[in-house]
Amino acid sequence: MLDKHGREINYLRVSVTDRCNLRCVYCMPPEGIIKKEHDNIMRYEEIFKVVKSASLLGVNKIRFTGGEPLILKNIDKLIYNTSKISSIKDIAMTTNAILLEDMVEELKKAGLKRVNISLDSLKEDRFKSITRGGDINKVFKSIEKSLSIGMRPIKINTVIMKGINDDEIDDFMNLTKEYPISVRFIELMPIGEGRRLYKDGYISSEEIISKHSDLIPVETEKSSTALLYKFKESKENIGFISPMSCKFCSGCNRVRLTSEGTLKPCLHSEKEVNLKNYVGNNQALLSKINETIYNKPLEHHMIEEKESKSKKMMYQIGG
């Protein structure tokens with residue numbers, strides 16, 4: 001369906017849980033999070049109701065996120081049921097891949113089309129530091145397994161932070177020459193724990209691109225959040241997601257469902273609607289989703305204000 005600004009909204013990002021088995025420095029506090037009561041989070045059946053209703057309004061792309069979506073007990077069942085909605089054309093997931101190796105084959109059979117893997121360092125000790133305890137070898141094994149079963153595309157999402165991992169930019173780029181893997185560099189955002197790191201850690205996409213004259217621009221869809229490039233030798237693209245230096249609001253085609261059941265029309269807006277109050281009434285749920293999509297804000301003002309208006313952490317909204 002169209003919002004009031006004429007944009008086609010066909011993409012729903014679903015945070016199935018705010019819990020995670022890592023505690024990345026820009027996402028979660030060191031002590032982790034307080035576990036929510038069961039009644040305060042969406043059950044898998046409720047999530048599916050929202051997905052089904054959204055599909056009736058023209059949503060045909062679903063991405064499951066977290067927290068870490070693979071710790072949700074029924075994630076395979078949720079993917080399978082979503083795949084049976086005839087109008088849903090694409091089911092994707094963003095994961096840290098710690099648990100992916102043992103699950104990816106069944107998830108692919110259930111209907112998962114592609115994965116984005118959050119990976120902010122290729123160095124074992126640094127990865128452990130950024131994630132506060134993660135085992136990078138589990139991620140590497142998950143990538144290898146995903147490639148071996150034909151999962152395509154596989155994209156690596158990397159948040160670049162000055163003085164932390166910016167010396168690995170070339171190493172990440174070179175992955176696209178060696179493997180059929182896309183890499184997405186994401187600008188650090190002043191949201192949640194990222195506010196602490198932003199002043200000293202922010203690097204613009206343009207700064208990175210300007211240092212790589214051999215990058216070749218690739219045509220990008222209007223709704224894409226990434227500007228795409230590749231090397232002559234690349235097997236896949238290199239993308240730059242630049243919410244702080246080049247916002248993509250005019251082509252935005254997405255809304256977000258949080259693990260608490262709130263529908264956010266914009267990542268960086270305070271505006272949200274609690275759909276848990278409506279999941280028992282199909283018509284009311286459909287109407288509330290329709291209303292929220294229609295009233296999606298024209299744009300965010302994070303570039304001008306250097307801060308997101310959203311008071312939620314990224315693990316609550318979905319990465």
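Backbone N, Cα and C atoms are what each Cβ position is placed from, and that goes for glycine too.
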Looking at Swiss-Prot, which one out of Lys155, Lys162, Lys199 binds GTP in the same site as Arg13, Arg63, Thr94, Arg254, Val255, Arg256?
Lys155
Kindly point out which candidate in Met173, Met189 is recorded by Swiss-Prot as part of the S-adenosyl-L-methionine site with Tyr26, Gly67, Ser118.
Met189
If you compare CA-to-CA distances from Cys27 ([4Fe-4S] cluster 1 binding site) to each of the binding-site residues Arg13, Arg63, Gly67, Thr94, Cys252, which comes out shortest?
Gly67
Tell me the Cα distance separating Arg256 (GTP binding site) from Tyr26 (S-adenosyl-L-methionine binding site), rounded to the nearest angstrom.
20
Spatial neighbours of Cys20 ([4Fe-4S] cluster 1 binding site) among the binding-site residues Arg63, Thr94, Ser118, Lys155, Val255, Arg256, defined as Cα within 10 A: which are they?
none
[4Fe-4S] cluster 2 site, defined by Cys249, Cys252, Cys266: further same-chain residues with Cβ within 8 Å of the Cβ centre:
Lys247, Phe248, Arg254, Pro265, Leu267, His268, Lys296, Pro297, Leu298, Glu299, His300
Specify the nearest of the binding-site residues Cys24, Thr94, Arg254 to Ser118 (S-adenosyl-L-methionine binding site), where nearness means the distance between Cα atoms.
Thr94
Assigned element (helix, strand, coil) containing Arg256 (GTP binding site), judged by DSSP:
strand
